[in-house]
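Take a look at the structure set out below.
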Amino acid sequence: MTRKIAFYGKGGIGKSTTQQNTAAAMAYYHGKKIFIHGCDPKADCTRLVLGGVAQTTIMDTLRELGEDAVTAENVINTGFDGIKCVESGGPEPGVGCAGRGVITAINLMEEMGAYSEDLDFIHFDVLGDVVCGGFAMPIREGKAQEVYIVASGEMMATYAANNICKGLLKYAEQSGVRLGGIICNSRRVDNELEMMEEFASALGTQLLYFVPRDNIVQKAEFNKKTVVEYDPTCNQALEYKELAKKILENDMFVIPKPLSMDQLEKMVERYGLMD
């Protein structure tokens, strides 16, 4: 049975980098068949898996060529180790609703049978915070069953993660979606591991994995590759291998208990991350 996963996190946290490296690790080390559906109007959720190729998005195809042109051949590309990739895209800057584009794109993929039964995982890589109904769609309508939140020990990253949990709490009963855990993409801030463990525990979930910071991630990106493709024997690639294994074996799925703003600020203050 295909597992449908949504990756959420604050913009700039490294969510798409983490998601793509995890997908690459699942395929390369664990032999899994992966489909990545990018749900970010920047359309950068699949770039590393595709070797830097700028993918034609579903919304661009709809705008320029019409719905009949949205075919698997036109919008789905295959990247590293057979990973299939599609990008929702978004409206022209300043016009329309990007969240609406996510809804349209997912519906079109379902109608054309793109989420085939032979897939082991579908990754929905979703823009930052749950800022509107469109970006909440993967969790609101049960498109994804599991959510992993990419965060760090910085205040705004934990604030965004907490907001995402509020969205999860709102939709969990109707859609069946559950939180699988927090993935810390380390920024090397003081007491980061300890704070993220406490934050995850307060939410009623687990710190699924702590991804250390390593410059090879940037080197791989300069070469338009995931770390797993760039150097599959390096330490960081093996970290992603272990993260993928944690997701594969995860059996802790919860409805989160979001913190109040006061609770969140007090926790951050305790760890000395605020002036």
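Placement of Cβ uses the backbone N, Cα and C atoms for every residue, glycine included.
Residues annotated as ATP binding site in Swiss-Prot: Gly9, Lys10, Gly11, Gly12, Ile13, Gly14, Lys15, Ser16. DSSP assigns Gly9 (ATP binding site) to a strand in the three-state reduction. Around the Cβ of Gly9 (ATP binding site), the number of neighbouring Cβ atoms within 10 Å comes to 28.
For Cys97, Cys132, the entry in Swiss-Prot reads [4Fe-4S] cluster binding site, with the evidence type similarity to another entry.
Its Cβ placed at the centre, Arg100 (ADP-ribosylarginine) has 16 other Cβ atoms within 10 Å. Look at Swiss-Prot and you will find Arg100 tagged as ADP-ribosylarginine.
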Rounding to whole Å, the Cα atoms of Lys10 (ATP binding site) and Cys97 ([4Fe-4S] cluster binding site) are apart by 19
Across all protein chains shown, the binding-site residues Ile13, Cys97 give the max Cβ-within-10 Å count at Ile13
Ser16 (ATP binding site) to Arg100 (ADP-ribosylarginine), Cα to Cα, whole Å, comes out at 20
